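Pulled from TrEMBL, these are the features on record:
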- 118-180: domain 'PWWP' (DOMAIN)
- 252-300: domain 'AWS' (DOMAIN)
- 302-419: domain 'SET' (DOMAIN)
- 426-442: domain 'Post-SET' (DOMAIN)
- 606-644: region 'Disordered' (REGION)
- 606-630: compositional bias 'Polar residues' (COMPBIAS)
- 631-641: compositional bias 'Basic residues' (COMPBIAS)
- 663-747: region 'Disordered' (REGION)
- 689-699: compositional bias 'Basic and acidic residues' (COMPBIAS)
- 700-722: compositional bias 'Polar residues' (COMPBIAS)
Amino acid sequence: MNEVGPAPSIFGEKVSGRYYRCIRCPASYHVGDHCIPAGSVVLAGSHIICADHFRPNKALSCHSRLNITWCFTCSKGGTLVCCEACPGAYHAECVKMDKAPDGAWYCEECDAGMRPLYGTIVWIKVGNYRWWPGEICHPRNVPLNIQEKPHQVGEFPVRFFGSHDYYWIHRGRVFLFQEGDKASRDSSAKGLFKTYVKGVQEATEAFKIWTAVKDKKDVQEQERNDKRPAPYKFIKSNVPIGSVQIYKADLSEIPICECKPDQTDACTSDCLNRMMLYECNPATCPAGDKCNNQRFQKRLYVEMEPFKCENRGWGLRCLQDIKKGQFVVEYVGDLIDEEECKKRIEQAHDDNITNFYMLTLDKNRIIDAGPKGNCSRFMNHSCCPNLVTQKWTVNGDIRVGLFALKDIQKGSELTFNYNLECLGNEKKACACGADNCSGFLGVRPKASMAAGAAKDKLAKEQKKKRKKKKLEQRKIYEDECFRCGMGGELVMCDVGNCTKVYHLHCLKLTKPPIGKWRCPWHHCDVCGKHAVSKCVECPDSFCLLHSEGNIFEKNGVQVCEDHVFLLDSVEDQQGKTFTEATPGAAQDQEMQNIAGHHSPALMETSASENVLSPQPVNTKGTSKEINPQQRVKRKYTKRCKSQLVDPGNNKCPIVKITVGADKSESESIHNLKKGSASEPKKSRRERNRYKLDQSKVESKLNNGLSKSFFSSENHLSGQPRSHISRHAKESDDTDSTSSLVIDLPVS
């Protein structure tokens with residue numbers, strides 16, 4: 001039965017059956033109370049007047065439409081775009097509009113043909129009363145005096161919860177009750193407010209019952225759909241859509257073979273047309289009625305039937321044995337162009353449809369077997385298929401046929417390799433179950449299982465002495481998300497040789513992006529421009545302007561500040577030496593000499609207390625001072641004690657621990673810094689301020705940092721705490737904010 005107009009239903013998708021048809025418009029609905037809009041008038045037979053023909057009476061205030069004052073999407077107020085048919089209102093940005101429309105506008109639900117149905121729980125607005133919960137009732141289920149109330153097409157009776165009163169209303173003053181809706185806090189009319197609260201409680205319970213019934217019907221509908229495939233229109237040949245044409249050659253342009261009518265097997269393997277993938281025309285073929293090269297025109301298909309697969313939806317299996325090279329079936333559907341193909345893909349993307357039946361015929365035409373087709377549309381993909389597609393020229397036009405790659409037994413599933421070219425960015429998993437399965441659609445099967453076929457192909461090419469064409473190498477994407485490191489349904493990057501993949505929720509997206517997409521690794525985290533410096537461990541990347549201070553070179557690779565410490569810890573575990581940039585060559589040499597007296601355990605203690613800010617490296621590899629305005633605060637950035645940080649600089653201090661045989665060795669370092677030629681002469685006030693700061697630092701060490709040093713030193717050398725001397729001196733070098741020297745004498 002042909003469908004006319006929309007057939008909305010809250011219990012499932014459209015199915016075939018009997019229909020109510022409106023006598024004033026092309027709309028049609030399934031027979032019964034589950035699909036027909038509330039307010040429709042049923043006439044004799046299968047004819048109705050649908051609720052869309054409601055004509056409001058301007059003299060009646062209840063006939064006017066009333067929109068809500070908050071957005072249906074974000075539940076916030078402001079400037080709203082109001083629907084002309086229902087109380088719905090939205091922000092322009094919430095419905096993806098640049099600006100408010102000038103003329104009449106209808107919301108997505110009204111535009112899709114959705115209408116209030118009988119039995120639905122709704123919010124109702126009558127007169128000066130607040131929005132009140134109620135239920136849409138069928139006219140035959142209300143009291144007789146309510147049925148006799150004056151009303152017109154498009155009006156339906158509602159029953160208010162709490163008060164249990166009835167009223168005739170139209171869809172311009174009702175909207176759906178949703179889970180989680182609560183009563184208003186306004187309690188100006190205390191007596192009426194109690195009734196209102198009671199009504200909301202009754203509506204919540206009724207909504208749970210209504211939802212349970214709806215879910216049960218959905219399950220039943222799904223069970224019925226599992227027993228039969230989705231509806232489609234069966235066709236025998238391709239149907240051109242729009243400006244697409246089917247070419248038909250003149251008889252003089254069709255090639256003629258050299259077969260003879262007295263041959264037993266005319267127009268078989270030795271036919272010139274057959275070898276060139278041309279079908280003979282019955283009017284010009286010399287073999288006449290004995291011609292065996294008219295399989296497309298005569299539709300010499302194999303017997304087959306669709307069946308329900310375990311984890312791949314519907315499939316197709318053969319009902320007879322098939323020999324290698326035998327013609328199985330032609331792939332037919334709507335012939336569309338590139339523009340129509342993009343429109344259908346975008347519409348399917350908006351409707352969350354993931355099954356596609358499109359096959360490229362030539363550069364200007366595409367076969368879409370979704371709405372129309374034959375049994376070939378049920379064939380599934382396989383990385384080890386038993387069929388292959390071939391393009392034949394039939395009467396001047398190109399047609400696609402499926403041929404057997406090997407002998408196929410009766411009852412076997414028929415499959416072919418989709419050779420999918422992803423128009424979107426979603427990486428869809430393959431469930432063919434073949435031994436050489438690549439795991440994802442559009443990825444070539446594993447080469448280990450195809451070694452035998454590759455050898456046979458190479459031998460044939462060597463015999464014929466044909467040049468082997470280089471196949472375009474496809475990118476092999478990673479199997480784990482670059483942000484969280486987990487597998488699953490992933491979105492692929494379309495930039496060059498980038499093999500990064502991401503989860504949708506890691507990108508904070510709800511749907512895969514359309515068209516070519518650049519992953520976050522190619523955009524600057526600060527300004528969004530093209531990134532030139534990228535961390536090899538995470539998606540952090542920066543442009544040339546913001547690379548300084550955020551990307552560092554470590555062992556010849558670029559890493560962000562989050563992973564510098566991780567690489568340092570790996571180097572420490574492998575026994576590598578981490579070289580620190582200290583202000584002064586004399587101090588470096590002295591520290592190397594003193595390090596020879598350290599015990600390994602004490603060196604670990606000092607390393608745990610010494611937290612260094614890594615030296616920034618620009619794109620050319622030269623060290624520069626960090627600009628505090630360009631530094632980006634990272635998640636794993638570590639800082640030293642706040643008492644030791646100079647507020648005028650954004651770098652951490654360097655804490656050095658030296659262990660000498662006697663006090664003179666430590667004093668030599670102290671005197672070396674004190675006698676630095678680059679140190680400016682300080683005034684008495686500055687010296688007094690320095691002594692005060694030095695005493696504060698020493699007191700902090702007594703309370704905090706020195707505890708770990710005491711425990712380590714006493715454990716190793718057995719010296720009492722009284723033998724430990726401390727000297728703190730602030731460095732005036734511009735490369736570090738402060739330097740702390742702690743002398744621990746060793747016996």
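The backbone N, Cα and C atoms fix where each Cβ goes, glycine too.
Where the annotation comes from TrEMBL, it is an automatic prediction and has not been curated.
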Contact set, same chain, for the domain 'Post-SET' (426-442): CB under 8 Å, 6 or more residues outside the stretch: 311-312, 354, 380-384, 415, 418-420, 448-450, 477, 479, 489-492, 501, 512
Within the domain 'PWWP' (118-180), residues counted as helix, strand or coil by DSSP: 10 helix, 21 strand, 32 coil
For the domain 'Post-SET' (426-442), residues assigned helix / strand / coil by DSSP: 0 helix, 4 strand, 13 coil
Residues in the domain 'AWS' (252-300) grouped by DSSP into helix, strand and remaining coil: 13 helix, 1 strand, 35 coil
Tally of DSSP helical, extended and coil residues in the domain 'SET' (302-419): 17 helix, 48 strand, 53 coil
